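TrEMBL has this to say about the protein:
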{"type": "BINDING", "residues": "C128, C131, C146, C149", "note": "Zn(2+) binding site"}
{"type": "DOMAIN", "residues": "543-644", "note": "domain 'TRNA-binding'"}
{"type": "MOTIF", "residues": "13-23", "note": "motif ''HIGH' region'"}
{"type": "MOTIF", "residues": "297-301", "note": "motif ''KMSKS' region'"}
Amino acid sequence: MTKDTFYVTTPIYYPNDKLHIGHTYTTTAADTVVKFKELQGYETELITGSDEHGQKLQKTAEEHGMEPLGYIDGIVKTFKELWSTLEVDYTEFVRTTSQEHKKDVQHIFKKIYDKGDIYKDKYEGYYCTPCETYWAERELDEEGNCPDCNRPVEWVEEESYFFKMSEYEEQLLEFLDDNPDFIQPAKRRNEMINFIEEGLEDLCVSRTSFDWGIPVPIDGDHVIYVWFDALISYLTGIGFRRDEDKFGSYWPADVHIVGKDILRFHTIIWPAILMAADMELPKQVFGHGFLTVEGGKMSKSKGNVVDPTKLVNDFGVDAVRYYLMREVAFGTDGSYSTESFIRRINSDLANDLGNLLNRTVAMVEQYFDGVIPEPRSETEYDADLKKTSQQELAAMADDMENLQFSTALEHLWTVIRRTNKYIDQTTPWILAKDEDKQDKLGTVLYNLLEALRITAIALKPFLPEAPAKIWQQIGIKADLDQQRWSEVEEWGLLEAGLEVNPGDPIFPRIDAEEYFAKQAEAEDDEKEETEEMVEEDKITFDDFTKLDLRVAEVLEAERIEGSDKLLKLQVALGEERRQLVAGIAKHYEADELIGKKVLMVANLEPATIFGTESNGMVLAASDDEGELTLTTVDQDIASGSQVE
Ligand code: MSP
C-alpha cells in the first residue's frame, strides 16, 4: 500500500548574512503547510539547508580573512538556531558542501552530459555575483545593472559547459499547458510562460574563474554553476540514490515554496534539468511575495532590517508566526511595521482568542466548580454556532490546500468571533441566576469549551505554543499531538466531567506606547554604552608591550590564485624567514614590494587564509575612501628590529 506522503521544500539559504524576517517568511509558511498536512494524517518531509558554493561566498569568506568552509560553518549554526527559535521542524538540513550532495550533483551532471545535453563552449556575457545569475545585455536595467537587485554586473568571458536548455522550450510549454496549477499564484504563471516564449538560451552550468564549487565530473578545471548545484538539494534531502524507498515515496515534491525572485530558477531551469535527467517534475511551485519595511526593501545599508530573533524575544514565537501567516495574503507583497504587528496581536490573539479562553474557563470555575458540564438542553444559538464552526473550518481546510494561510486563519477567526458573540447572545451570567436554567447554562459552557478545543487543534500548525496552553486550561487529558483534522470536523467530542485549570492569560495585551518607550530607552542605553566603551578603549603600557612589532624585509611576493585581494609574502626578520598573507593585492603589485621594509606584528597566532599559512600581519594605513598604504621605516634599519 502506498503511504499518503507530502513533501515540501523551502529554499536553501545563502550563508552570507544574517537572516531577516523576510527570509523566515518562506520557511515559516513551509513549516505551517507541513504541520497542517500532518494534522490531516500525512507522512511529511520538510527540507531546508544552506547554499554554500559560488563566487559570492568565496569572496565574502575572503573578505573575512577566512576559509569558505570555516566561515560558512559559523553561519549555518545561526541558521539552525533561528529555525529552532521559530520552532520550524525541518526533517533534513541539506548543506551543499556535504559529500552526498556533491555526488548527487555530479551524478545528474554526468547523466545529462552522457545524454549529449551538456557541451563545452565559451561564455561571453554578464554575471551578477550577488544574485549568482547570468544576464543577457537586453535583460539589464536602464543603468546596465542587474534587473533583479540593481547592482552592477560583471562582464565574464570564460570557457564553460552549457546545458541545452533551449531544446526544452517546447516540452516546458507543453508541461505548463498540461499542468495549469504547476506555477502559483496564477499571475506568476503568465510571467514565466512569456519568458519561455521569448526564447530560451542554453544555460552556462560551469565556471572556471574561481574554484569554490563542485568539480565538473569530467573536467577538473571547472566547478558546477551554483544554481545547478543548489536545486539538486531537493533530491539529496530525501535520500536520492541512497534510500530508494524514501525517495520513491516523496519524489516528486508536492510543493517548492520560494520567493518570487527565484521563481524562474524553479519553474524553468529546474524542470528543464529534471526533464534532461529523465526525472519526474515537482507537482507545484509557489512563488510568494516580498515582505518590505515601510514599502521599501530591507537592507543593512538602510538600517531597516527586522531581526526575527529579537521579535521572538520581545513578543513570543506564536505572535511572530501568527503575524507572518495572517497579515499578508500569500502570493502578494506586504509591508511590515511594528505598529501593525502589535495591533494584529492585540486584536486577534489577546482580545479575540485570549479573552475567550479566560472568560470561559473562569465561568466554568465559577458556575460549575471547575467541572465541565454535560450539554443537556439546547439554546436557540447552539445550532448556528455549530454550523458556523463546521462551515468555516471546511473553508479553512480548502484555503490551506491552496496555501492561502491568511484567509484560512480568517475562517478560524470567524469561528472564534462567533463564539464570543455566542457569549453575548446567551448571557451565561443571567442564566446562572436562574435555578431552572442550569442545564442551558451547562450547554453554553460546554459549547464554549468545545469551540476552544477545536480551535486549539486547528491552530497547531500555526502556533507552536498556545494550543497546548489552551488544551491544558480546558483540562483535556488526551494527547494534543495525537489529534487529527477529523477531530476538528466533528462537533461534540469534548468529554464532560473533566476539570478545567484556570491559568494566566495566554496572550497578555501589549502596550504599544510602553513598548516603543522601552525600545527608545534601550537604544539610548546602547549608545551610551558604546560611547563609554570608546572612551574606555585605552590599553595599558603592559598591553602594548605584549605586541611583538618588528621591521620585516619583503623577500618574495606573489598573488594567491583565485583571490584578487591577497598576496603571499616571504619576509626576513633578521635571520628568521616568515610567510605571511596580506590583503593588499588591489594596492600593490607583487614585484614592487620586493626589498621594502615594512612593519609587522610578529607574534600573531598563525592562520590559514585561502589555503595559505600566514605567520604574522603586515601593518598598513587605510582611509575611508579605501586607499591603503603600507607602513615602512623612515631610514634604513636592519630587518628584525623591534618597533617600540
Ligand atoms: N540560495 C538561494 C535559493 C536556492 S534554492 C535551491 C536563495 N537564497 S536566499 O537566502 O537569497 O533567499 C532565500 C529565500 O528568502 C528566497 O525564497 C527569497 O525569496 C526569500 N526572501 C528573501 N528576502 C525576502 C523578503 N524580504 N521577503 C520575503 N521573502 C524573501 O535565493
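Using N, Cα and C of the backbone, Cβ positions are placed for all residues, glycine too.
Please treat TrEMBL annotations as automatic predictions, because they have not gone through curation.
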The motif ''KMSKS' region' (297-301): which same-chain residues, six or more beyond its ends, come within Cβ distance under 8 Å?
17, 20-22, 290-291
With Cβ-Cβ distance below 8 Å and at least 6 positions apart along the chain, what are the contacts of C146 (Zn(2+) binding site)? List them in sequence order.
C128, P130, C131, T133, W135, L140, P152, V153
I want to verify one value. Collapsing DSSP to three states, which class is C128 (Zn(2+) binding site)?
strand
Compute the mean position of the Cβ atoms of C128, C131, C146, C149, which form the recorded Zn(2+) site, and then list in sequence order the other residues of that chain whose Cβ is within 8 Å of it.
T129, P130, T133, W135, N145, P147, D148, N150, R151, V153
Ten-angstrom check, please: count other Cβ atoms within 10 Å of the Cβ of C131 (Zn(2+) binding site), all chains counted.
19
Entry from the binding-site residues list C128, C149 having the most other CB atoms no farther than 10 A:
C128
Overall pLDDT of the motif ''HIGH' region' (13-23), taken as the mean:
88
